Amino acid sequence: MYRPARVTSASRSLNPYIVFFVVVAVVVILAVIIGLLVYFLAFDQKSSFYQSSIQILNVQYSDELSSPATEKYRTLSGNIESMITRTFKVSDLKNQFVKAHVVKLRQSGNGVIADIIMKFKFTRRNNEASMKSRIESILQQMTNNSEDVTMNPTQLISLTGHDTVQLFTRECGVRSDLITLSGERIMGGTKAEEGDWPWQVSLQWSSSHRCGGALISNTWILSAAHCFRSYSDPRQWIATFGTSTTSPQQRVAVRSILIHDNYNPETHENDIALVQLDKEVTFNRYIHTVCLPEANQAISTGSTAYVTGWGSQSYSGSTVTNLQQARVNIISNYLCNAPAGYNGAVLSGMLCAGVPEGGVDACQGDSGGPLVQEDSRQHWFIVGIVSWGYQCGLPDKPGVYTRVPAYRHWITQKTGI
């Protein structure tokens, strides 16, 4: 019987190294594809800002609601923001809603209208018109469920980034973290960035930094009287804005300088001055005003404050060209006036701030600059003006500041603010 011959075939096996690299390549490609899908579906988001107005029917308008410094303004604004936040956090936009902020309370007959900015984060594939319609629907539902609130839903306006900045810079005491309605803080380190302290002013005599100041309107700066004792000619002064004294964002000439009539250089009492600018400052996200406190605003012992300026970093040192910031605590006048401290030299129109162990303080070149505190709605108020102290940063010798609330009526009398 014929039997065909057996044909032997040579078996060929793949190189294990090649197999390994092929598997790794496939895994990497799949990981990249999945990562891109996740990014575009979940993380490729853009911020969207909207403006709306809500009428509050059960609150009668009063002058107290014209200033963010009053407790009535803070309470009503906070309640409105909380109401909007609660509404969206139980809606189908709970993951897209970021924050709401009242930018103004205004009169409407006997009632109040709150102008509000809201921030959302939508993926780029979301239809903008559809999202706007959903926001309007949720706001309308909120007002329908409340007997105290009415709103015209046609007033929901989509804002550009420029629009948002313009609205926020009409408010006082607004930093960049509030303009973006983010929760980010900019407090680390000692060097300040543009927009951190947008009211900070460098007052320069013959183009050289001499004192600090705080912008309180588009034409007025608050500073210290002692800055102008021997330098009283306003024509020699220039106000610059921005974090750099050598490359500022704006320069404006000074028209006049108003020193408190009862300033006493021996006791440092009434160490406060107003500088009127020759023209209006142009506000932007990096340059605008700090809030002025009410005359009765409390400044709590132990509370946190920030002092900023271009002063020297050590006693008898040179001033710096980039704005510096320092975190300090309010110290009671009683403790500040202890025998080991200033032994009674701190008067009622002054306040102390520093740290017990020393090392953090205003210094030469910081004079006239602001000491500021933040309120519950992220608005910043000037509570002190850098005035005097014994050297810089010594234990038991904190910085002494002019207490701004004590001079609130004087500021209004001179400026109308």
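Yeah, the Cβs are placed from backbone N, Cα and C, and that goes for glycine too.
A TrEMBL annotation is a machine prediction, not a hand-curated record.
The annotation active site, charge relay system is assigned in TrEMBL to HIS226 (among others). For HIS226 (active site, charge relay system), the number of other Cβ atoms no farther than 10 Å from its own Cβ, over all displayed protein chains, is 21. The DSSP secondary structure for HIS226 (active site, charge relay system) is helix.
Counting Cβ atoms from all protein chains shown, ASP271 (active site, charge relay system) has 28 others lying within 10 Å of its own Cβ. The active site, charge relay system annotation in TrEMBL covers ASP271 (among others).
Summarising the annotation, TrEMBL assigns active site, charge relay system to SER367 (among others). If you take the C-beta of SER367 (active site, charge relay system) and look for same-chain residues 6 or more apart in sequence within under 8 angstroms, you find CYS211, GLY212, ALA224, HIS226, CYS227, GLY311, VAL386, SER387. SER367 (active site, charge relay system) falls within neither a helix nor a strand when secondary structure is assigned with DSSP, and so counts as coil.
Here TrEMBL flags 46-163 as domain 'SEA'.
Taken from TrEMBL, the feature domain 'Peptidase S1' covers 186-416. Mean pLDDT across the domain 'Peptidase S1' (186-416) comes to 91 in this model.
Per TrEMBL, transmembrane segment is recorded for 17-42.
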